[in-house]
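Asks: Here's a structure for you.
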């Protein structure tokens, strides 16, 4: 096959994604200090993005080194599972942040741990089911006219994934609006108590809103073009449009570690300790709410 430059770019993107998220996965899952629900959700996100990066690399390798229909279905199924789990993990993180503010007094309880495990099971269970659809026969290998913009996925399959994304995005938008209101109200109460309404309240509120805008804006700008094109596009459209819209979606997995993991002060401490050669799984951590924005 003639080497497609877009496939090369996706492979490079997958390599960067894999390296970034591998660091997060190793730090979280090999350190007993990171067993809090918030860190488990970040670990789930990093695992999903790591699999997405590996899926991009494997897809490139098998397409150009050992092309076959079976392998194509496996790699596409892996990509569907991993990217679906990534979006689902972002939703669970948003839910966790909202509940940590809304139920601040009861957040650090056994009930939170149970809820976190249930959300992880539902997220990965749904993602695996979506990923298994092409392998179990829901593909367009025998009927090219039913293909979507992403072969060998069927148009109906991609429509379901797109609608699911818009539902997740709507829920995340609503939750972040509620989070913003709670943050503003808390900042106002603290500012009134400390008699710094004109300075502390303004700075804290602006910082919180800016952070939430970056989180939601990054997610929307990366995934919305591809989700819209999945609904409007057709298999007869040039593949260039698919590459142009799908590449930004991969950047979301590249940016997730920077937004959700590397900004966390506890993870930064461990990373600095690793760089200094004094890594310890029992590093003392400051108790911090996942709602810190």
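Placed from the backbone N, Cα and C atoms, the Cβ positions cover glycine too.
These came from TrEMBL, pasted as-is:
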type	residues	note
TRANSMEM	6-31	transmembrane segment
DOMAIN	20-260	domain 'G-protein coupled receptors family 1 profile'
TRANSMEM	38-65	transmembrane segment
TRANSMEM	71-95	transmembrane segment
TRANSMEM	116-138	transmembrane segment
TRANSMEM	158-177	transmembrane segment
TRANSMEM	209-228	transmembrane segment
TRANSMEM	240-262	transmembrane segment
Asks: Could you tell me whether the transmembrane segment (38-65) and the transmembrane segment (240-262) have 3+ CB pairs under 8 A, leaving out pairs under 6 positions apart?
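Replies: Yes, the stretches contact each other.
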Asks: Go through the chain and flag residues at least 6 beyond the ends of the transmembrane segment (38-65) whose CB is under 8 A from any CB in it; none is fine as an answer.
Replies: 1, 3, 7-8, 10-11, 13-22, 24-25, 28-29, 71-72, 75-76, 78-79, 81-83, 85-86, 88-90, 92-93, 96, 100, 116, 119-120, 123-124, 127, 250, 253, 256-257, 260-261, 264, 289-290
Asks: Do any residues, 6 or more residues outside the transmembrane segment (116-138), come within under 8 Å Cβ-to-Cβ of it, and if so which ones?
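Replies: Sequence-remote neighbours of the transmembrane segment (116-138) are 37, 40-41, 44, 48, 73-74, 76-82, 84-85, 88-89, 91-92, 95-96, 152-154, 156-157, 160-161.
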